[in-house]
Amino acid sequence: MKHVKAVIFDWAGTVVDYGSLAPMGAFVETFGQFGVPITIDEARGPMGMAKRPHIAALMALPRVAQAWTDKYGHAPDDADIDAVYDVFVPKNIAVAASYSSVIPGVADVASALRGDDIRIGTTTGYTREIMAEIVPGAAAQGFSPDSIVCTGDTAEGRPSPYMIYRTLPELGVWRAKEAIKVDDTEVGIEEGINGGTWTVGVSVSGNAFGMAEGDVKALAPDEFAWRRNAAIQKLQAAGAHYVIDSVADLMPVVYDIEARLARGERP
């Protein structure tokens, strides 16, 4: 392909772990261990951020902050955030491999991209320790990117563009407009926008929908429709140039962006 040079994927909810389920149980279990229960919906709110800022965002929620204050006699501070993070990470590592199934269609799309000489990068809110549990299984299922940039590899995570800026040179791409960021979270879409790439939101397979594949298929058509529309609206509100149900639907978008670049358009 002449104009599109790279596609940069998120991991959980985008290429693996349909519904982005792996971190949810770990967050809920961790806060419960500290005597401050949180809900799945609360846990999902900051999804896409690095995990320590994610925990900080959860602890800044008024209800959670008040519950913490009631439990410990003071508002949550940096030491508390560190304590929760230190308990969370081993839990997330322990479950990560169990949620490394590649989402249907991803391997075929990766093959199609490579057939068009498009390089494949990835960024993630996961640490390298967590990714070490995921990458081998994903590779065995047909998804093995050219670049992986993790939380901790750059000075800041999402929504800053630093992981994009690190990924592009690793892929040999220097014009951000020639890259596409694909992500299932609002903060991941913002990462792409801030980095100057095209952005594609993933609505059904990821965090914005937040359900396992089997549960999605079991939904009544009207419930599926309103949940899908709500997910689309979230991603569009974050600034996504396109929204697709899953990565399986990506190639027509890539061809459309190729045509737009050929006409001189920019993200």
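Cβ atoms are placed via backbone N, Cα and C, with glycine included.
These figures come from a predicted structure and were not determined experimentally.
Record check, Swiss-Prot: Mg(2+) site residues include Asp10, Ala12, and the candidate from Asp146, Asp153, Asp184 also listed there is Asp184.
Within 8 Å of the centroid of the Cβ atoms of Asp10, Ala12, Asp184, where the record puts Mg(2+), the same chain has further Cβ atoms from Phe9, Trp11, Gly13, Thr14, Val15, Asp17, Ser20, Met47, Gly48, Thr124, Asp183, Thr185, Gly188, Val202, Gly206, Asn207.
In terms of local Cβ density within 10 Å, Asp184 ranks first among the recorded positions Asp10, Asp184.
A count of other CB atoms within 10 A of each Cβ picks out Ala12 as the most crowded of the recorded positions Ala12, Lys51. Taking the Cα atom of each, Ala12 (Mg(2+) binding site) and Lys51 (active site, schiff-base intermediate with substrate) are about 13 angstrom apart.
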